[in-house]
Amino acid sequence: MIIRSPEPEVKILVDRDHIKTSFEEWARPGHFSRTLAKGPDTTTWIWNLHADAHDFDSHTSDLEEISRKVFSAHFGQLSIIFLWLSGMYFHGARFSNYEAWLSDPTHIGPSAQVVWPIVGQEILNGDVGGGFRGIQITSGFFQLWRASGITSELQLYCTAIGALIFAALMLFAGWFHYHKAAPKLAWFQDVESMLNHHLAGLLGLGSLSWAGHQVHVSLPINQFLNAGVDPKEIPLPHEFILNRDLLAQLYPSFAEGATPFFTLDWSKYSDFLTFRGGLDPVTGGLWLTDIAHHHLAIAILFLIAGHMYKTNWGIGHGLKDILEAHKGPFTGQGHKGLYEILTTSWHAQLSLNLAMLGSLTIIVAHHMYSMPPYPYLATDYGTQLSLFTHHMWIGGFLIVGAAAHAAIFMVRDYDPTTRYNDLLDRVLRHRDAIISHLNWACIFLGFHSFGLYIHNDTMSALGRPQDMFSDTAIQLQPVFAQWIQNTHALAPSATAPGATTSTSLTWGGGDLVAVGGKVALLPIPLGTADFLVHHIHAFTIHVTVLILLKGVLFARSSRLIPDKANLGFRFPCDGPGRGGTCQVSAWDHVFLGLFWMYNAISVVIFHFSWKMQSDVWGSISDQGVVTHITGGNFAQSSITINGWLRDFLWAQASQVIQSYGSSLSAYGLFFLGAHFVWAFSLMFLFSGRGYWQELIESIVWAHNKLKVAPATQPRALSIVQGRAVGVTHYLLGGIATTWAFFLARIIAVG
C-alpha cells in the first residue's frame, strides 16, 4: 500500500503581473539579447536579429519563462490564423460569385478575386461562367461553405466579422497570459490534465459540435440545394435549429425526439446518420449523412479517451507509469526517462508532434481525392490538384521540422549522464549499424529504381519495345497493391457487411461517378508504370530519412568530431584548423534534408497530376464513354525518363508557356519569375563567403571615395546564412514554378 501525504486542495497555477507591459522595450530592436540590444555595428546584426528573435532558448535558460513565451506566441499564431480566415470569408462575401456558383456549381467556376484595371491587368479576370469575370480560385472554400450550409454572402460577412473578433481576442489572450496571469511551469507539465482537456474538449466536444451543426444545419440545407431549391427560398439555419417540425419533414426520426436515444433504439436515427460508403451521385462528394455519423462516432471515442488519465480523483492512467512499463525483451530500460524528456524539453515534444502532424497532413492529401468530402469538389480538378499538392508540401516541411527539433533536443536538452540503457540510449549506441544499413537501402533503391527506367529508355532508343518493362511487354505488376485494392473493393460483401459500397471508388469494382458530364471518381488501375514510380518514391523518401536521421543521431558527437555538442546546433565547420569538417552540424543536415524532401514531394505530385489526368479525370458522353484529359497515356509514357520529360513536363507546360495574352497570363509570369528565384538561389549555394567579402570591400571603397559610406559596416553573409538564403529561394522558386505549371495547365484543360 502506498501512503501519499495529503496535497493542498487548491493549487495556485499562475503568477500575477509577472512582467510589466512596456512599449519602450518592444520598440528597442533586439531587447531580448544583451549583444543585439547594443545596436548594429555590421550588417550581420540584422540577420542575427531575425535568427534569434524566436529562439527563446537563447534569451534565457529558465524553462518556465521559455514555456510562457511559447504559450503566448501560440495565441499570436492563432490570431494570425483567424485574421487570415476572416480575409478568406470576407473575399467570399465581398468579391466572389458564391451565390451564383451555389445555384449552378457544374457550369460556373468559383472566383473570389477581381483584379482592378490599373495598367491593363484586368485581362486576368477570366470568364468563369454566369457572366462573372474574375480569377478562378482553387482553394476549395466554396465547396466547404456549401457543405457547412452557408447559402448567402451575408452569412460569409458575419463569419468574417466573427473571425476578426476572435483574432482580437487571441491577441488579448497572448498578452494576458504573459503579462497579467502567466501559468507556472507545473501547469505546462501537468500532462494528464492536458491530455484530458485536449482529447475531451478540443477533439471530443469539437467533433460533437460539428456533428450537431451538420445534423441540424448542413444536412437539411444541402438536402434542399441538391433538390434544386433556390438558395434564397431555403429556411435560415436558426429556423431548422428552433423548429423541430421543419427537420422532421426531411428526416422523420426527428419527430420522435430523444426517445430512441434513451431507449437504445438507435437505428431509428439511420435516416440522417448513415453508413453508405461511396459518393453521392448528385454532388460527387461523400454522403454528408456519412460524415455526420463519422463525427458523432469520433466525438464519442474522444470523449471517452478524455476521461482516461489520472488527475485530481486518483483513478485513471498515469503517463509516467505507462511509459516506464513499456519495455520488451530486447529493449533494456525501454521508455524509462521518456516522461522526463517530454516534460522538460519542448523541442522533443515539438519534434514528436511535427512528425505526427506531418504524416497526418500527407494522409489528408491522399484522402481528399480518394474520398472527396465536400459537394462538387471531385469535379473541380484545379482544386483537387491544388489540395493534394498543398498538403503534400506542408507534410514534407513538417516532417523535416520534426528532424530539426529532434536534433535541437539532442544538442541542447539531452543529458547523456542521466540516460543509460533506455531505448534512446540504445538507438544512439548502435547508430552506426542503423545509418550504414539505411545507406545500403538507399543505394539499392536508387540503382534499381532508376536502373529500371534507364533500361526502358535504352530499349526504347534502340527500337526494342518488346524488351521493355511495361504492361504490354515484360510486366512488373504491383501485385500487393492490387491485392489491397481488391480486398477493399470486396469489403462491403465480406468484412464490412453494414456498408453499401466500399470506402472509396478508387479501390475497384465497376462504379463510376460523374457529375455534369465530368468524371468525379472511378476505379484507379495500377500497373507497371506505377510500380516503377513507386520505387522512385521509396528511394527519395529513404534518402530524405537517411540525411535527417544521420543529423539527429550524430548531433552530439561523431568519430570525425567527438565534441560536436559543444559547437551547438549550427556551425559552419569545426574551426579553421581542421579541413573536411564543413556541413557536419545538425543544422546542415536539415539544410541538406530539405533538398531531398523537395525531390521526394516533387515526384509524388508529378505522379499524381499525370496519373489523374491520364486515368481518372475527363468527360463522359451520353453513351457512357469516358474520354480522359491525356487519353490514358500514363501507362506507356511514364515508363521512360524521356516519357516524363516529353509527355509530362514539356507537353503539359504548353498551357503555361502559351498563357501570354490570356486570363492565365499571371501564371506565365509567375512561371518565369519563379524560375528566376530558383536560379538566384544557386548564386548563394555555389559561392563562398570570401568571394562576396572581396567584392563588398571594393564597393565600400567606392562609397568612401564618394563620401557616402554607411556607419554600419557591410559584411558578407556568414556561411550558414548564405545556405539558409539559398535553400529558401531554391524551395520557394521551385514550389512557385510547379504551382504556376500545374494551375495554368489544369485550369485550361480541366
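Cβ atoms here come from the backbone N, Cα and C positions, even for glycine.
Going by Swiss-Prot, these are the annotated features:
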- 70-93: transmembrane segment (TRANSMEM)
- 156-179: transmembrane segment (TRANSMEM)
- 195-219: transmembrane segment (TRANSMEM)
- 291-309: transmembrane segment (TRANSMEM)
- 346-369: transmembrane segment (TRANSMEM)
- 385-411: transmembrane segment (TRANSMEM)
- 433-455: transmembrane segment (TRANSMEM)
- 531-549: transmembrane segment (TRANSMEM)
- 589-610: transmembrane segment (TRANSMEM)
- 664-686: transmembrane segment (TRANSMEM)
- H675: chlorophyll a' binding site (BINDING)
- M683, Y691: chlorophyll a binding site (BINDING)
- W692: phylloquinone binding site (BINDING)
- 724-744: transmembrane segment (TRANSMEM)
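Known features from Swiss-Prot, placed on the structure.
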{"residue": "H675", "record": "chlorophyll a' binding site", "Cβ within 10 Å": "15"}
{"residue": "M683", "record": "chlorophyll a binding site", "Cβ within 10 Å": "13"}
{"residue": "Y691", "record": "chlorophyll a binding site", "Cβ within 10 Å": "10"}
{"residue": "W692", "record": "phylloquinone binding site", "Cβ within 10 Å": "17"}
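Counted over residue pairs 6 or more apart, the CB atoms of the transmembrane segment (346-369) and the transmembrane segment (291-309) come under 8 Å in fewer than three pairs, which marks the two as apart.
M683 (chlorophyll a binding site) sits 11 Å from W692 (phylloquinone binding site), taking the CA atoms of both as reference points. For the transmembrane segment (724-744), the list of distant contacts is 138, 382, 385-386, 389, 393, 591, 594-595, 598, 602, 605, 609, 652-653, 655-656, 659, 664, 667-668, 670-671, 673-685, 717: same-chain residues at least six beyond its ends, Cβ to Cβ under 8 Å.
Counting Cβ pairs closer than 8 Å and at least 6 residues apart in sequence, the transmembrane segment (385-411) and the transmembrane segment (291-309) reach fewer than three and form no contact. Residues of the same chain lying 6 or more positions beyond the ends of the transmembrane segment (531-549) and with a Cβ under 8 Å from any Cβ of it are 399-400, 403, 434-435, 438-439, 441-442, 445-446, 448-450, 452-453, 469, 476-478, 481, 589-590, 592-593, 596-597, 599-600, 603-604, 607, 638-639. If you take the Cα of H675 (chlorophyll a' binding site) and the Cα of W692 (phylloquinone binding site), they are about 23 angstrom apart, rounded to a whole number. According to DSSP, H675 (chlorophyll a' binding site) sits within a helical segment.
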